[in-house]
Amino acid sequence: MGKSSRRQGREWRAALWCARHPLVTSLPVSVGASAATFGPVTTSAVAAGLGVGLLSWYRGHPDSFDHLLLPRLRAARRRWWSYAGHRWSRALRDCDLTREHRQTQVERVPRILRVRSVTPSIDMVDVLMVGGQTLRMWQDQAEPLADALRAHHLVVLKIRPQTVRLVIERTDPFGDAAPIDAMPIAEDSADVDLTAVPLGETEFGEEWTEQLIGRHWLNAGVTGSGKGSLMWSTLRGVGPMIRDGLVRVRMVDPKGGMETGAAAPLFFEHSSCTTADGTSDLSSGVDVIESWRDDMKKRQKDLRDAGLRKFTVSRETPLDVLMVDELAMLSAYGDSQSVKRALRLIAEGMTQGRAPGFSFVAYVQEPTKEVVPIRDLFTTRICLALTSANHVNAVLGDGMLEAGALAHEIPLGTHAGVGFVKHEKSRHPRRVRAANQTDEDIAELVRTCSPEQPPDNVVPLRDEAVA
């Protein structure tokens, strides 16, 4: 069948529009039918009653109203005020995202399928692209389209064939917000979920949690970006399980233990990578890593002898977490013997540690391939403020910069703790902010969550006589 050069009739286009927007068309029809059937007084009384009910809900229970109804009302308002009619078509036309039909010469405008306003600052708009358009075309026009829509930032994601999702950030969700207070410490180990350790908030205003058990984390960010907040939030989230012996943390701090030394009672093993007189000694840190690897091998044997394929968290078989605060010293900048030994032990633990319950968490400032040669083994990657755009894809994976993870543009200072997270099976980065951790918060963590019987194998920060 050939294609006609005539355009579809207006009445058919109007009918299709009504079919696509049943709520908009059915509301006035329902009001008119009610007025004709029951009279205008009855119809007005019902409408007034609904209005009073909504007002009572708004004033009486803000939590449920803001969660259930307000996002829908906000989405409807923005759908018809910001993303409809000439405003929408003009914005796309200015960004060369419309097409002209070759036969009818009629302008073809990508159609909005759905609008969600998940927070006051972020809209998610699903758009049906016109024929001949690709995801790359829309991503190339993301910046001018954000300006045309008067948005702070815009990210284009592909959700299915011929359909893209515009994540429109109308204002910076963390721009004027005060730092997030430290999460409260759970009272009991039973209240801790190792598949959802609380770290802060997401850009959607929800609690940001990450799975620790069965995962390896890479945390990257320049000095002052908030890596310390990430580390202490993680320890705070599992604090009761540390206290009860269900989680065992080994800390290697090649920076001399200035930040982690005060919390040494929390750790099963702690190395500041220094000798008693303050001289750098990476071998002591590598010894802790080797101890972590050796315990993994022992547990593998125990599970195999017991006929088990996977461990269960208990005092006998705790989740064993190795943390390295500044991986670069042990992966690139240290002496060659220590670097080679550390990388071999860490890689062995990362490739075999999931089933027996051994996780690795690393913090690094320069996430290049030379500094982090084992980065492909990390299943969860968190990227705070960085100095180079190239570092973003190095941490989160190829294409994440283009997907909107502009970590190199995050300002320091007021935006400490703000970054992006990428999971192993996800194609899209999420913006997050880690909770701020003060000295008082850290002292509270050490005071309430240190094991009752401190382990004997803590490597001291320095000799008492020197201190």
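Cβ atoms are placed via backbone N, Cα and C, with glycine included.
Where the annotation comes from TrEMBL, it is an automatic prediction and has not been curated.
Keep in mind it's a predicted model, so treat the numbers as computed, not measured.
The domain 'FtsK' annotation in TrEMBL covers 194-393. Look at TrEMBL and you will find G221, V222, T223, G224, S225, G226, K227, G228 tagged as ATP binding site.
Features as recorded by TrEMBL, highlighted on the structure.
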residue: G221; record: ATP binding site; Cβ neighbours (10 Å): 31
residue: V222; record: ATP binding site; Cβ neighbours (10 Å): 19
residue: T223; record: ATP binding site; Cβ neighbours (10 Å): 8
residue: G224; record: ATP binding site; Cβ neighbours (10 Å): 13
residue: S225; record: ATP binding site; Cβ neighbours (10 Å): 26
residue: G226; record: ATP binding site; Cβ neighbours (10 Å): 27
residue: K227; record: ATP binding site; Cβ neighbours (10 Å): 26
residue: G228; record: ATP binding site; Cβ neighbours (10 Å): 20
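Note on the domain 'FtsK' (194-393): mean pLDDT across this stretch is 92. G228 (ATP binding site) carries a helical DSSP state (H, G or I). DSSP assigns T223 (ATP binding site) to coil in the three-state reduction, placing it in neither a helix nor a strand. In sequence order, Q365, L384, A385, L412, A416 are the same-chain residues whose CB sits within 8 A of the CB centroid of G221, V222, T223, G224, S225, G226, K227, G228, the residues recorded for ATP being left out.
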